[in-house]
Structure formats: C-alpha cells, structure tokens
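These notes concern the structure reproduced below.
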Amino acid sequence: MTTTTHILGYPRIGEKRELKFAQEKYWRGEIDQAELKKVGAELRYKNWQTQASAGLSFAVAGDFAWYDHVLTTTLLLGHVPKRHRHGFPDLDTLFRVGRGQSQSSCACHGAAASDMTKWFNTNYHYIVPEFSKEDTFEVSWPQLFEEVNEAVQAGHKVKPVLLGPLSYLYLGKEIEDGFDRLTLLPRLLTAYQAILAKLAKQGVEWVQIDEPILALELEKPWLDAFKLAYQVIRSDVKVLLTTYFDSVVDSLDRIVELSVDGLHVDLSAAPEQLDAVLAKLPQNWVLSLGVVNGRNVWRSDVKAQLERLQPVKAALGERLWVASSCSLLHSPVDLELEAGLSAEVRSWFAFAKQKVSEVVLLGKALDGDAASIAQCEAYSQPIQARKSAAHVHKATVQSRVNAITAELAQRSVPYAERARHQAEVLQLPLLPTTTIGSFPQTSEIRVQRSAYRSGQLSSAEYEQALKGHIADAVKRQEALDLDVLVHGEAERNDMVEYFAEHLAGFQTTQFGWVQSYGSRCVKPAIVVADIEREQPITVGWSTYAQSLTSKQMKGMLTGPVTILCWTFPREDISRKAIAQQLALALRDEVSDLQDAGINIIQIDEPAIREGLPLKKRDHQNYLDWALEAFRISAASARPETQIHTHMCYSEFNEIIESVAALDADVITIETSRSNMELLKAFEEFNYPNEIGPGVYDIHSPNIPSEEWIVDLVKKAAQKIPVERLWVNPDCGLKTRNWPETEAALANLVSAAKRLRKEFAKETTAVNSDALAKVETEA
C-alpha cells in the first residue's frame with residue numbers, strides 16, 4: 001500500500017530571490033515581459049524538479065504567482081477592478097491592481113492599488129478582491145492552464161492548486177453599501193465549473209482546492225453555502241479540499257457532506273483535531289495529513305510523527321496521504337545554502353527543500369521501508385539533543401521572567417497627566433508631522449552594508465558611512481520642515497533582523513528569505529535560545545541624530561509582539577514566554593534611550609493584529625499576554641517621555657479596546673489605502689490618546705497630492721478631535737526612493753500647515769460666536 005506524498009505549495013521567489021530581482025528590473029523598464037516570464041518559467045521548472053527528485057507523488061502547479069496567489073485568482077476569474085481595465089488583461093494589469101498606477105505612467109489617469117492585507121495570521125500579504133453587485137466572472141487569464149501544461153510536458157504528474165470559491169469571496173470586500181458579496185456565489189461557481197472543465201481536458205486527475213476559511217468560526221450563511229457550491233462544481237476531476245492554519249472541527253459536520261474526494265487538515269497547527277476527523281471521515285475519501293510544518297524552519301520529529309501516523313495508516317491504507325501542513329511558501333527555500341551555520345545549529349533546521357524530503361521519508365517509512373524507518377530515528381536525534389542543550393536555557397533570563405508583576409506593565413501615571421508633561425517638554429504644533437521611521441535604503445547603503453559584512457569595510461569606516469546617511473536624512477527632514485524627526489534606520493537591513501542580530505538568543509541566516517508580498521521578501525531571524533539584551537542597541541544612533549538638530553528625534557524600536565510574529569519562534573516554549581523575554585530586553589532599551597535625552601520613543605507593533613488566533617474564542621488569551629508584553633516594554637518610560645506605536649494592515653473594529661489598552665501616548669496606523677475606512681472603529685469607541693492615521697500609501701509608487709492628504713485628514717478629523725491628530729505616512733519609507741519620498745512628504749507638510757490655518761480659523765470663529773452669545777445674554 002503506497003502512501004501518497006505531496007505538498008500544498010512551494011516557494012516561488014527562488015533560492016536567491018531571482019523572482020524579486022526580475023520583477024523589479026521589469027518595473028524599472030530594464031527587461032521586457034518576455035525576459036520576466038522566462039525567469040518565472042525557469043523557477044517553476046526547478047521547483048518541479050526538486051519535488052520530483054525527492055520522490056513526491058505529485059508536483060504542485062498553480063502555486064506560482066507574480067504578486068500573490070489571491071491576485072492571480074482575481075485575474076483567472078476575469079475580476080479586475082474597473083479602474084484597472086485597459087484592454088485584454090496581461091501582467092501589467094496584474095501589477096497595476098497590486099501596485100497602483102500614477103498619472104505620469106498612464107495616458108488616461110492614475111488608479112489606486114487595491115487594498116492589501118495579511119493572509120490569515122501569517123506575514124504573507126494578499127491583494128483584497130473587490131466586489132459589487134454587478135460583478136461577473138469569466139475565465140480569461142491562462143496562467144494556471146499554461147503552468148499545468150508546462151509541468152506535464154516536463155514529465156511530471158500534476159496536482160493543480162486553486163483558491164476555493166468561498167474563500168475567494170470571503171477574503172474580499174464589498175465596495176458598495178447594501179450588498180452582500182455572498183450573493184455573487186452562483187455567478188462565481190459558473191467560472192469555477194469552466195476552470196475544472198479545462199483542467200479535466202488537460203488530463204488532471206486531482207485538483208487541490210484551498211478553503212482555509214473552514215478553519216475560522218464561520219457564520220451560518222457562509223458555512224451553509226459550501227454544500228451547494230461543491231455540488232455545483234462537481235466534475236470529472238477529483239477534489240482534495242484543503243484546510244490549514246487551525247482546526248476544522250467546528251466545520252466538520254458540514255465538510256463531510258461536501259461533494260469532494262478528500263480532505264487535508266493541518267496537524268501542525270491543530271494536532272488535536274485528528275481523532276474527530278478520523279471518526280467522521282467518509283469511507284470513500286482520502287485523508288491528507290499535514291504533519292510537516294510549512295510555517296517554520298525546524299526539523300520535523302519524523303520519528304514521533306511516524307509513530308503517530310502508523311495507526312492511521314493501518315486504518316486507512318492507501319487513503320492516507322502525507323503532506324506539508326500548508327504551502328511551503330512560508331518557509332525559506334534551501335538550508336544547503338547556509339554555509340555559515342554551525343553543524344549543531346544546522347542540524348536543528350529544515351527549509352522548504354528539506355521539508356519536501358521529510359514528507360517523502362515519512363511516506364516511505366509508513367510503507368514499511370526498513371531503511372526509511374531507521375533514517376527517521378537518526379534524523380530526529382538532534383531534536384532530542386537540543387532539549388537539554390545548556391546554552392539554550394539561561395537562568396538569568398528565567399529569573400527576570402518569573403519576577404514579572406502587574407505593576408511592571410503599568411506607566412507611572414495615567415495618559416491625561418502624561419499628556420500635560422509631554423506638551424510642556426515637546427512644544428509641538430497642531431497636527432504635528434512625522435514619519436514612521438525608515439527612509440530609503442539606497443543602493444549606496446546596501447553596497448556599504450555588503451562591504452562591511454564581507455570585511456571590505458572596517459567597523460569604523462562603516463560607522464562613519466552610516467553617520468553620513470543619518471546626517472543626510474536629518475538634513476532632508478529639516479528642509480521639509482517636519483516636526484518630529486527620525487534617524488532613518490540606515491543601519492538596519494530589516495526592522496526585526498536588526499534587533500535579532502543584537503539580542504542574544506537569535507540566529508540569523510544568509511538566504512532564509514520568504515515572500516511578504518509582490519517583490520517584497522523578508523528574512524526572519526530564528527529564536528534558538530532564551531533572549532536577553534547584553535548592551536544598548538539603538539542609543540548611539542539616536543543620540544547622534546539628536547545631536548544634529550534642535551527638533552525632537554524619535555527613538556525607533558521594534559515591539560516584542562512584532563519581533564515574535566516576524567521571526568521563526570521556538571517550539572519548545574510558549575509564544576507568551578518568548579514575548580516576555582523580548583519585552584524585558586526592550587524595556588532596558590527604552591530606559592537607556594530616555595536617559596540619553598530621547599524624549600519620543602516609538603515601539604512598532606505592526607504585527608499585533610496578525611498574531612491573533614483564527615478562532616475568536618482564543619483571542620482574549622492572546623491579547624492578554626501580547627498587550628502585557630508591549631506595556632512591559634514601554635512602562636519604564638517617565639511621564640514626559642512620549643511613547644508612540646505603529647500598526648499596519650490592521651482591522652481595528654474587533655480589537656479597538658485592546659489597542660487602547662496598549663496605553664501608548666500616540667498610535668500611528670495604516671489607513672490611506674482604505675480611504676480612512678479603518679477609522680470607523682473610532683466612531684463608537686472614544687479612543688482616549690493621540691492618533692496618526694496614515695495619509696500616504698507607501699506600498700504604491702503614487703505620490704499623494706496636497707489635496708488628497710487634506711481630504712484624508714479632514715475625514716479623520718470627523719472621528720478624532722483635531723488636537724489629538726498627527727499627520728504621517730502609512731508605514732516606513734525604506735522601499736521608496738528619495739525623489740518620491742521627498743515629493744510626498746513635501747505635500748504632507750504643506751497639507752498640515754494649510755489645515756492648521758483652517759482649523760485655527762474655525763476655532764476662532766467658534767470662540768467669537770460663543771463670546772457674542774455670552775455678551776448678548778449679559
């Protein structure tokens with residue numbers, strides 16, 4: 001009885017980010033579409049060869065995307081937003097939807113990018129589909145079918161992957177009031193019927209249809225819609241219904257009624273669901289078990305997994321499939337490239353290529369292959385050895401964590417009192433202007449960083465180079481007349497990796513890249529041991545920048561929850577414990593910054609929303625320790641020290657009270673793409689502190705006009721008292737260039753100055769009317 005082995009998807013970026021560099025060359029006009037497509041084809045061919053060489057039963061097709069797989073589905077369904085429809089859709093259409101289009105690059109008019117948000121609770125992003133009641137769907141984008149043909153012609157047995165119709169609808173948004181996007185399902189299903197019919201003609205036996213929303217707590221109309229949907233799209237192609245990121249037990253009674261041929265569940269995220277799934281699995285279905293974790297870098301304990309799966313194999317026989325838990329796009333590509341790791345540390349890890357081999361090894365061992373069973377035993381030994389490694393567990397760190405009290409997570413006085421102290425010290429105008437932290441990482445900075453890391457630049461030479469970039473950033477900000485400055489973070493390759501490199505307990509990699517969105521890749525550090533700060537990290541750079549200006553300089557820290565969410569965490573201790581260790585380290589940094597004369601300190605927490613568990617019933621437990629971790633970090637600040645925090649891609653409605661519970665003096669948030677829609681959360685909740693809703697979408701090359709910014713700030717002022725508003729971009733400016741950055745910030749500053757005058761006139765008029773009324777009554 002041969003066990004079928006497969007994965008849900010493979011990284012598309014290339015082991016050395018080949019796709020990223022090709023995309024960016026294309027966007028700069030340095031290569032044409034044919035050259036870009038050639039790079040994509042080469043990457044797909046290599047990925048399929050990796051899967052086939054390892055011995056997987058299927059090569060997965062359709063997991064490749066030029067920007068993100070949800071946007072690919074949008075193009076597949078012919079569902080391009082009207083503002084981006086210019087002739088027959090091609091790659092430029094796809095990039096316009098994802099990146100937007102400025103007037104200068106379009107003969108007609110500019111067009112805003114579609115919203116972008118996080119893919120469930122990961123650090124991957126997708127472009128949000130837009131729905132209106134007139135929408136139709138038509139299969140017009142051939143990428144999926146072309147890639148199936150490519151794989152077949154290369155000699156592979158193919159399993160295409162497709163985002164399911166219910167998940168596609170659910171992950172989108174209505175762009176008009178009084179309309180429910182679920183009513184579009186019948187039209188959408190017609191397109192899915194056409195897709196499956198085409199795949200059948202191509203000789204496809206199995207298709208993987210991803211419905212990750214089945215791991216959520218779905219409302220009844222959405223859950224009920226599944227039965228009809230899968231009856232309608234039933235075809236000659238067998239369907240593996242794929243779920244991941246959490247348990248599907250809540251939806252299981254509906255799932256087992258569906259007209260599909262198999263179910264995939266994520267046992268890495270929710271191992272407890274196995275018994276319930278086995279008890280209700282239809283007799284004619286296959287069961288794919290995701291036992292190799294696609295979201296981390298840790299070597300799988302294949303010995304333990306084998307012991308767990310053997311009874312399932314005995315019960316199901318060939319109906320048992322072994323798989324990755326989710327797509328491997330969340331893992332780096334290949335551990336073999338990491339020549340700088342010690343043999344011990346290397347033995348702890350497995351990247352995507354190695355995870356493919358783990359899946360195959362488990363399949364062979366389940367089939368009774370003696371050599372594979374023995375290999376499982378040997379392969380798992382480093383995991384056991386690590387549990388007792390003395391350098392992984394530190395008594396000093398454990399002692400501090402054990403001493404945490406409620407008082408440690410509280411500022412010394414309430415916000416109202418802090419605000420008075422801060423107003424006296426900072427002397428800021430109405431609608432103060434600032435940026436979120438980073439400035440463009442120029443090619444010069446990257447070359448110098450590379451030269452330093454390769455030994456071509458000494459530490460002293462590199463420090464002088466960085467000081468030059470900091471001085472330049474300060475000079476540019478003063479010329480723009482921003483109110484609160486930043487040093488620009490020239491020394492930081494990444495907002496998380498930089499702290500990981502300067503905190504004990506982390507391991508960084510050279511090629512551990514994963515895709516975040518589009519061409520944006522991140523290289524998450526790995527938590528390998530207890531975390532502690534051995535010396536100040538940012539104080540020197542911030543104090544140098546402050547010495548160059550009389551304006552206020554913000555110290556810039558990445559918060560404990562974001563560092564946790566944007567790294568690969570340990571699996572031997574809880575996420576809460578890691579967050580507490582990080583919080584204590586950052587608390588020490590806050591103390592040192594204020595002692596060095598930095599009056600404003602930003603503790604970025606852009607990832608706090610994405611860290612929420614998928615099930616709402618699990619939210620409060622997470623929020624309790626996540627908010628505590630932030631407050632521990634910030635609570636060493638004196639009343640006159642203003643603590644800022646920043647969040648992006650956040651949906652605040654469900655966590656607005658928790659955002660307030662952070663007790664940050666100022667919060668800046670991403671709102672420009674949604675045209676200030678995110679501020680609806682503040683209509684019913686009286687947010688007590690200051691807020692800076694973003695007015696410049698830094699993810700798009702478009703430069704916002706002064707009028708656009710004025711309009712956004714006025715919308716914000718309808719929900720937030722103007723005296724508590726700040727004016728700032730959505731996010732850091734690292735990925736932009738200096739000309740567009742300065743142009744956008746010039747408009748931002750001029751908009752703020754114009755609005756100060758307008759609001760001052762309104763205030764004067766109101767005061768005059770009030771005075772006249774008093775005099776009349778007198």
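Just so it is clear, glycine is given a Cβ too, placed from its N, Cα and C backbone atoms.
Quantities reported herein were computed from a predicted structural model and do not represent experimental measurements.
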Additional site residue, Cys565, Cys731 [criterion: listed by Swiss-Prot with His646, Cys648, Glu670 for Zn(2+)]: Cys731
According to Swiss-Prot, which candidate in Trp48, Trp206, Trp566, Trp708 joins Arg17, Glu18, Leu19, Lys20, Lys118, Arg520, Cys521, Glu610 at the 5-methyltetrahydropteroyltri-L-glutamate site: Trp566
Listed in Swiss-Prot for the L-methionine site shared with Ile436, Gly437, Ser438, Glu489, one of Asp301, Asp604, Asp618, Asp624: Asp604
Residue from Leu19, Ser438, Cys521 whose C-alpha is spatially nearest that of Cys731 (Zn(2+) binding site), among the binding-site residues: Ser438
Integer Å distance between the CA atoms belonging to His646 (Zn(2+) binding site) and Gly437 (L-homocysteine binding site): 10
Largest tally of Cβ atoms lying within 10 Å of a Cβ, found at which of the recorded positions Arg17, Lys118, His646, His699: His646
Cα separation, Ile436 (L-homocysteine binding site) to Leu19 (5-methyltetrahydropteroyltri-L-glutamate binding site) (Å, whole number): 28
Spatial separation of Ile436 (L-homocysteine binding site) from Glu670 (Zn(2+) binding site) - C-alpha basis, Å: 10
Conformational class of Leu19 (5-methyltetrahydropteroyltri-L-glutamate binding site) under the three-state DSSP mapping: helix
Least Cβ-crowded entry, counting other Cβ within 10 Å, from the binding-site residues listed as Leu19, Ile436, Cys521, Cys648, Cys731: Cys521
